[in-house]
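Among the features that TrEMBL reports, signal peptide is placed at 1-21. Annotation comment: TrEMBL describes Thr52, Ser53, Val112, Asn120, Gly121, Gln122, Val123, Val273, Gly578 as FAD binding site. Annotation source TrEMBL lists domain 'Glucose-methanol-choline oxidoreductase N-terminal' at 110-133, 313-327.
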Amino acid sequence: MPSIKAAILACLATASQLASSWPTASMDGINILSRQNQVQDEYDYIIVGGGTSGLTVGNRLTENNSGVSVLVVEYGYYDNQSGMNPRRMFNLTSRPQQNLNGRSFSVGIGCVVGGSSNVNGQVFLRGTSEEYNAWAELGGPGSTWNWEGLLPYFRKHAQEFNIKWDMQYWGTTSKIYATFGRDAPTQLMSKCKLVSAPTAIAVLMCVLQRSFTMPWAAMPGMTVPVDSGAGQAGLYWYPMSMDPTNFQRSYSRTGHWHGISRPNYQMVVGAKVNRILWGAENTATGIQFVSRNQTGGPATQVRARREVLLAAGTVHTPQVLMLSGVGPQALLQQARIPVRVDLPGVGSNFQDHSYIPSIAYQWGTTPGGGGGFPGFPTQGGAPALAAMIGLPVVSPQRYQQLATRYESQNPTSHLPSSYTAEQIAGYRKQQEIYARLMRSTNVVFLEMMMYGPGGSVQNLHPHSRGTILINPSNPEGDMIIDYRAATNDVDLEVMIETIKFMRRYMTTGQLAQYNARETSPGTGVSSDQQLIQWARGQVIPSVYHPVGTCSKQPREHGGVVDENLRVHGTKNLRVIDGSIMPTIVGATTSMAVYAIAEKAADLIKTT
């Protein structure tokens with residue numbers, strides 16, 4: 001966990017919270033405990049982490065059963081702000097990235113009640129069906145973690161609002177909302193049809209729609225799905241996680257805590273969990289936590305009658321496990337932590353999306369049809385419009401070559417040297433599946449959002465694997481976070497293919513008449529080698545979507561949790577957050593984490 005100094009810099013704390021070891025808080029008249037002695041000795045379930053998944057599961061376990069008690073233990077505080085700022089984030093920095101010119105990068109995760117759903121960019125995407133079907137393949141025969149098995153939970157967690165295309169992909173009961181905002185587009189292609197009176201915003205969206213989508217749709221291989229939630233790649237408007245009545249952020253706290261006043265659903269904030277309590281046969285019986293603001297203060301132990309549920313996220317769930325003796329044996333021994341379960345996959349398989357912030361152009365001839373908006377579209381962009389496309393569309397000439405090269409690699413050439421034979425076998429299975437998916441038009445490798453001429457490009461399926469591990473000299477301090485970006489050089493090759501795709505889009509087809517001039521990287525950077533060298537100084541290995549460090553895979557493949565999310569080699573202990581993703585989805589990750597949490601809640605009730 002973060003040091004006290006770093007945590008204070010990273011997260012918001014009120015004066016009263018800093019004055020006391022336990023925050024004085026009774027927000028909205030709901031069950032946030034204000035003193036250590038208010039925590040009961042026992043609960044049925046203890047959830048470590050009050051973020052995206054933790055609050056979702058806590059709500060579901062208590063919503064129709066007053067006889068079930070839940071305690072959520074959250075490191076961050078409850079505040080009345082929203083959005084990303086340093087005081088509401090963990091203050092974490094990665095190790096220098098050797099293959100990205102030695103640069104280090106911030107690691108963006110929320111440090112506040114609601115977790116990263118409280119601070120993210122609110123883009124609400126799912127990914128494609130084939131990406132989730134890969135999870136089931138990696139899980140083994142009989143896995144229900146495929147598209148069909150998860151679609152009911154996608155429907156359950158997100159209530160539509162003004163989604164006008166295909167309602168079979170959206171729900172109607174949740175308090176987590178997906179909305180297009182005040183002026184929603186009703187059709188992607190054809191004539192612009194306004195939802196409401198032609199306000200300036202609606203007219204602008206109409207003009208932008210016609211100016212940006214028509215050239216995109218004309219790109220070879222481009223498809224236009226019926227809905228962004230249909231599990232298909234292509235060009236579409238995407239919804240935002242936004243409350244439709246007040247146009248404010250919709251997130252786990254508003255959906256799964258606000259207005260819920262159940263005596264059996266409680267939360268303690270400003271609390272740092274430093275170990276799991278164990279009984280016989282590696283049975284989790286509870287947790288121990290301390291106040292994050294009182295160095296050397298008394299520890300509190302709380303018992304779980306049924307289960308301990310880890311929802312501390314991709315960075316901190318592995319830390320709680322390792323501090324409790326579950327993880328790579330050699331590392332635990334080095335840190336002088338008694339080994340309870342040798343589970344090498346804890347903290348490995350780390351993935352995030354990578355991106356280049358700007359492939360920049362200037363128009364030679366300003367496109368007409370601007371509708372009277374100054375500068376349109378020299379600087380403007382189409383709100384909530386993105387191309388989410390597969391590698392065969394991005395690079396029709398090279399995708400087969402890239403897939404063949406990837407599937408023929410020896411994983412030991414780029415994986416961490418600490419990987420065991422089981423972990424290597426698990427990666428080989430990922431490699432086999434993703435070599436196939438690289439050849440599919442329905443697996444999103446490139447995300448391009450429309451912000452005027454040019455834009456950012458993202459590689460959504462990195463083949464490199466990073467690590468998030470404890471510091472053996474200070475196990476309770478900040479985790480050592482290593483993206484190991486571009487250790488598999490196929491990642492940089494995919495990235496330069498996205499640059500070439502952007503060049504084709506901007507200079508051919510319907511946009512050729514506007515004589516766009518590339519300003520970054522510039523036409524002087526033309527050969528593959530030049531592009532790779534340029535990219536090493538531009539790629540950012542994180543879009544703040546960390547996943548994978550407690551992978552849902554068989555133990556013999558280096559996995560950490562089984563199909564029911566139970567930690568291998570333990571009893572009454574599950575992981576219920578985004579760290580269980582064996583492979584990252586080609587989309588923002590919040591919607592996938594909500595679906596994981598909804599499915600986890602049902603598994604907890606029934607298995």
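Just so you know, glycine gets a Cβ as well, placed from its N, Cα and C.
Distribution of TrEMBL features across the structure.
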{"residue": "Thr52", "record": "FAD binding site", "DSSP (3 states)": "helix"}
{"residue": "Val112", "record": "FAD binding site", "DSSP (3 states)": "strand"}
{"residue": "Gly121", "record": "FAD binding site", "DSSP (3 states)": "coil"}
{"residue": "Gly578", "record": "FAD binding site", "DSSP (3 states)": "helix"}
Determine the minimum-neighbour residue: among Val112, Val123, listed as binding-site residues, which Cβ has the fewest other Cβ atoms within 10 angstroms?
Val123
Which residues of the same chain, at least 6 positions away in sequence, have a Cβ lying under 8 Å from the Cβ of Gly578 (FAD binding site)?
Thr52, Ser53, Gly313, Thr314, Pro546, Val547, Thr589, Ala592, Val593, Ile596
Specify the count of other C-beta atoms within 10 Å of the C-beta of Gly121 (FAD binding site).
13
Would you count the other C-beta atoms found within 10 angstroms of the C-beta of Thr52 (FAD binding site) for me?
32
So how far apart do the FAD binders Thr52, Ser53, Val112, Asn120, Gly121, Gln122, Val123, Val273, Gly578 get, largest Cα to Cα in Å?
31
